[in-house]
Amino acid sequence: MFNKLAVASILSSTASAFTLPTSRTSTPTSSSTTLKSTVDPSVVTKKEYQDICGVEFDDANLASRLQKTSYLYPKHVEVIEDFAPLVDKMVDEILLETGDKAWQPQDYLPDLSVDNYMDSIKSLREAAAGVPDDLFVVLVGDMVTEEALPTYQTLLNTFEGCDDPIGTTDSPWARWSRGWTSEENRHGDLLNKYLYLSGKCDMRSIEVTIQHLITSGFNPGARKDPYRGFLYTSFQERATKISHGNVGKLAKEHGATDLQRICAKIAGDEGRHEKAYQAFSAEILKRDPDGLLMEFGDLMRGQIVMPAELMTDGKDAKLYENFSEVAQRLGVYTAIDYADIIQHLVDHWKIGELTGLSPEAEKEQEYICRLPDRYRKLAERSLNKKKEQEVVPQSFSWIFDRKV
Ligand SMILES: [Fe+2]
Ligand SMILES: [Fe+2]
């Protein structure tokens with residue numbers, strides 16, 4: 001049961017910590033309507049209504065109370081709320097296409113509803129046959145990563161201030177979270193169907209891997225902090241753009257232009273998402289450069305964890321390592337890319353030019369600006385070492401244990 005006095009005192013003590021969102025969280029939502037249609041408030045007393053429905057708060061009150069009482073980073077939430085109008089604009093106008101304008105997986109797949117559907121499947125399979133197994137392994141790994149989208153949406157909703165406490169919350173941040181997810185959902189869907197139609201993969205084994213990955217989860221080290229969350233996604237969206245783009249280029253070299261188009265389309269989405277998350281981080285930087293730099297430095301010391309790190313097919317204990325090894329060998333995503341992405345972020349946010357920082361943040365600034373070169377040196381050293389080593393072919397259950 002709620003102790004109203006205690007709640008009231010928490011509310012008044014935290015109210016000054018940050019301003020209330022000016023967003024549309026106050027719009028009545030469907031769940032309160034459902035309650036009213038189940039129990040008609042006009043035929044019961046207020047006390048009877050509360051006895052039946054438990055709480056007297058409607059969704060908007062509940063959401064606002066949850067926000068006020070549970071933040072670990074009230075200052076960070078205040079900062080991201082401050083540029084919510086820009087997020088709103090991005091959702092509607094710049095970033096996320098919806099409805100008829102949106103591309104859908106079916107636009108890039110054979111239409112099985114037509115009489116001569118076999119012709120298009122046949123040509124897809126003929127082109128796929130020319131794609132070497134190692135590239136297919138990387139494609140499967142990328143697809144498995146995309147298919148663990150439930151994990152990423154869950155994580156996005158842990159970033160304080162951009163969560164969707166009700167499920168239909170009408171704030172810019174909650175709409176961003178759902179809109180982003182709706183776009184990402186196409187990626188795994190499209191790749192999954194392509195791989196299925198190609199006939200080159202053990203789909204069951206791939207499905208086992210996806211189920212394992214979603215079950216295992218993934219910890220990007222965001223710690224519910226929106227600053228860390230957007231730093232992470234700024235990096236990660238660029239990494240996936242690079243990876244899908246390179247798979248597409250290689251697919252084209254092997255004659256699979258349909259696969260190239262698919263990968264390019266997905267890479268295009270990742271590119272738009274990358275821009276958005278980097279813009280969010282830039283807005284934070286304008287308002288709280290010290291705060292963002294402290295988190296950036298700390299996040300980089302822990303290194304950027306890849307979303308599919310915990311993938312397993314239940315057989316190969318080193319599946320993720322083996323998959324990344326192949327991706328690295330093909331040049332789809334390498335340690336050099338890791339260094340380049342950090343460099344891109346440092347340049348894009350003009351980290352080196354920031355002034356007026358606290359002494360601690362200045363230290364982080366220096367550390368961050370030196371990182372790309374350090375990583376590049378390490379990457380070159382390890383690439384040279386690998387060149388001298390003999391490649392030991394690994395079998396992958398995803399392609400019926402063929403070795404690559
Ligand atoms: Fe994606
Ligand atoms: Fe993405």
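Cβ from N, Cα, C; glycine included.
What TrEMBL records for this protein:
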BINDING   GLU146, GLU184, HIS187, GLU270  Fe cation 1 binding site
BINDING   GLU184, GLU237, GLU270, HIS273  Fe cation 2 binding site
SIGNAL    1-17  signal peptide
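Here the features listed in TrEMBL are placed on the structure.
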{"residue": "GLU146", "record": "Fe cation 1 binding site", "Cβ within 10 Å": "25"}
{"residue": "GLU184", "record": "Fe cation 1 binding site", "Cβ within 10 Å": "21"}
{"residue": "HIS187", "record": "Fe cation 1 binding site", "Cβ within 10 Å": "25"}
{"residue": "GLU237", "record": "Fe cation 2 binding site", "Cβ within 10 Å": "23"}
{"residue": "GLU270", "record": "Fe cation 1 binding site", "Cβ within 10 Å": "23"}
{"residue": "HIS273", "record": "Fe cation 2 binding site", "Cβ within 10 Å": "22"}
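For ligand 1, the binding-site residues lying close by, meaning a CB under 6 A from one of its atoms, are GLU146, GLU184; the full candidate list was GLU146, GLU184, GLU237. Proximity of the binding-site residues GLU146, HIS187, GLU237, GLU270 to ligand 2, judged by a Cβ distance under 6 angstroms to any of its atoms, singles out GLU237, GLU270 in sequence order.
Each residue contributes its Cα atom, and for HIS273 (Fe cation 2 binding site) and GLU184 (Fe cation 1 binding site) those atoms are 9 Å apart. Excluding GLU184, GLU237, GLU270, HIS273 themselves, the residues of that chain whose CB lies within 8 A of the CB mean position for the Fe cation 2 site are, in sequence, TRP180, GLU183, THR233, GLN236, THR240, LYS241, ASP269, GLY271, ARG272, GLU274.
If you take the CA of GLU237 (Fe cation 2 binding site) and look 10 A around it, you hit none of the binding-site residues from GLU146, GLU184, HIS187. Following the DSSP three-state reduction, the secondary structure of HIS273 (Fe cation 2 binding site) is helix. Note: the Fe cation 1 site is recorded as GLU146, GLU184, HIS187, GLU270; in the same chain, LEU149, GLU183, ASN185, ARG186, GLY188, THR240, HIS244, ILE266, ASP269 also have Cβ atoms within 8 Å of that site's Cβ centroid.
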